[in-house]
Amino acid sequence: MKETDANKPAGIDKPPFFKSWKGMYWLVLGNLAFLITLFYIITKIYA
Amino acid sequence: MRLLDWVVLLGTLGFIVSYGVWKTRGSKDIEGYLRGDNSMKWWTIGLSIMATQASAITFLSTPGQAYEDGMRFVQFYFGLPIAMVIISVTVIPIFYRLKVYTAYEYLESRFDLKTRSLAAFLFLVQRGLAAGITIYAPAIILSTILGWNLTATNLFIGVLVIIYTVSGGTKAVSVTQKQQMAVMMGGMLVAGFMVVRYLPDNVSFGDAVAVAGKMGKMNVVDFSFDWNDRYNFWSGMTGGLFLALSYFGTDQSQVARYLGGRSVGESRLGLLFNGLLKIPMQFLILFIGVMVFVFYQFNQPPLFFNEAAKTKVYATEFAPEMEALESQHTALFNQKQEAVQGLVSALRTEDEAAISAAQSKVQGITDASKELRTEVKSLIAKATPDAETKDTDYVFISFVMKYLPAGLVGLLLAVIFSAAMSSTASELNALASTSVIDIYRRSVKPDASNMHYVKASKTFTAIWGGIAIIFATYASLLDNLIQAVNIIGSIFYGTILGIFLVAFYFKYIKGNAVFFAALIAEAIVLYCHFYTDIAFLWFNVIGCVAVIVFGLLIQFALNQMDKGKQAA
């Protein structure tokens, strides 16, 4: 029974600053890409 | 320790414990005690998640690791933000819909009781061991450096945590973790500022970073692939991702943090907050370690950072050998200081030939220093066979004790105690909720009153706290215990994650198949641990993939057998 419940849509509130949660997720992943790029540049500059 | 340090340390810890007890006082039902009445805002959840993960060892060992090995450890966290997104999308909505108290409750609704009990049991074993180590690891270092009694230090940390965790449950854990995070980050920022300030007048911040780079410490990202290399981009993005998925998605000490949120959205924001800030936080802690390394290029470091271990050698027949090594160390440092000043001057000229020559000179002396340190470690092992010859955990704390002014030493000790308390509190709270919800209420006493389960939760919190203190007290009797517990974590995490991934994404696989697949996966991981050289981070991937693959195969075989029976 509960397995079926798990597939029902939940009442999920909206995130701040973005129209949907996708925007928040892209912010986190974009931040990760930015940090890795920055760290790569730091590694190259100071090698 | 000066009076002001004691005032800062005891005042900070006393305030946090009192605030936690006062803020969460009053009688509660089980909903309030284990899920915090679902009243937590996203920033409380985010800080609580970060504080749970940041143990005292984070602040003691990480700077020492950077001192020895540079910045590359940060790559270990590259998979974490991706895991935060995956958990936000898939795991949180399911847990909220089913209104579970623990992650393992979901497994019974999806599979069966034996799979739920297996996962809960694996968690209790692994986390029960870890709780003792969370107390013991900082206690052994602080008692060695400060000359405190080890048992008293264990008791001090353990009892403080038990007081507010038993009293206020999940809410007390989360509320106190906000203050603890503020103390931790504030203290580390002050330490970072002080170490840069203590550099010689003629060495700017830019010079310090350049020197660190030329001495191989600014090695933040490495894209080369090596199965046996623990920290590179690939191991971080794969092993690190699986470890983070397992830790944040299936470990009750983290799941309880976001299950206390006001809504799905608050919980998601808390996790994403961690996804945004965790890597910069680790970068900062490692960078402080690198600055301590640069500081010690201009100020003579101890030959061995665990001074107590060195002192014991002086009480043996090996004292003259140690004295000789100390003299060589001083002579090498004098040469090195001159060479490093030469490197700073060369870097300013931007003349590649001059930089390269200065770098080679520094490198030669650094290699000689490393050899000397190896000799010291051998001598310590020979003179005092029971002594720990790894001293990286003592690098940061010995800098703090020797160079920081009165008051700041107390603050930095408060950072370490806060970190130990915050992660221990989450562990005790999670151990109690899993014991009560997944074992006691489900299989021992299913029909008791709400208040009975609150009392049971408080009792289990105190019992697990007691076990953690006892384990911490006797931990020193076992060799390489900390490393053993870290490996045990990786041995179980992959399998637990595999069970949950099957539950979420492989509807084809049912209870019996996943249960036996988990047992096979665990056997494979144990084989890898005992008979191969694969780095333990990969156990998470291997265990997880094995559960999925064998789950599919066993389910297929079971379906074929059913079809055969029906046809017969």
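Here the Cβ of each residue, glycine as well, is placed from N, Cα and C on the backbone.
Record features (TrEMBL):
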TRANSMEM  B:6-22  transmembrane segment
TRANSMEM  B:42-62  transmembrane segment
TRANSMEM  B:74-96  transmembrane segment
TRANSMEM  B:117-139  transmembrane segment
TRANSMEM  B:145-169  transmembrane segment
TRANSMEM  B:181-199  transmembrane segment
TRANSMEM  B:231-250  transmembrane segment
TRANSMEM  B:271-296  transmembrane segment
TRANSMEM  B:394-417  transmembrane segment
TRANSMEM  B:459-478  transmembrane segment
TRANSMEM  B:484-506  transmembrane segment
TRANSMEM  B:538-558  transmembrane segment
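Through the fold, the transmembrane segment (B:394-417) approaches residues 1-9, 12-13, 56, 59-60, 63-64, 67-68, 138, 141-142, 144-146, 157, 183-184, 186-188, 190-191, 194-195, 198, 288-289, 292, 295, 302, 305-307 of its own chain, all at least 6 residues removed from its boundaries and within a Cβ separation under 8 Å. Between the transmembrane segment (B:271-296) and the transmembrane segment (B:484-506), fewer than three CB pairs separated by 6 or more residues in sequence fall under 8 Å, so the two stretches do not touch.
Nonlocal intrachain contacts for the transmembrane segment (B:145-169), taken as residues 6+ away from its ends with a CB within less than 8 angstroms of a stretch CB, comprise 1, 13, 17, 20-21, 23-25, 28, 32-34, 36, 135-136, 138-139, 175-176, 307-308, 394, 397-398, 401, 417, 420-421, 424-425, 428-429, 457-458, 461-462, 465-466, 468-469, 472-473, 476.
Beyond the transmembrane segment (B:74-96), the same-chain residues lying 6 or more positions past its ends with a Cβ under 8 Å from any Cβ of the stretch are 103, 106, 220-222, 230-233, 235-245, 248-249, 255, 258-259, 263-264, 267-268, 271-272, 274-276, 278-279, 282-283, 286, 500, 504-505, 537. Contact between the transmembrane segment (B:181-199) and the transmembrane segment (B:42-62) is supported by 3 or more Cβ pairs under 8 Å, counting only residues 6 or more apart in sequence.
Put simply, of B:6-22, B:117-139, B:484-506, B:538-558, the stretch with the most CB pairs closer than 8 A to the transmembrane segment (B:231-250) is B:484-506. Counted as Cβ pairs under 8 Å, contacts with the transmembrane segment (B:117-139) are highest for B:42-62 among B:6-22, B:42-62, B:538-558.
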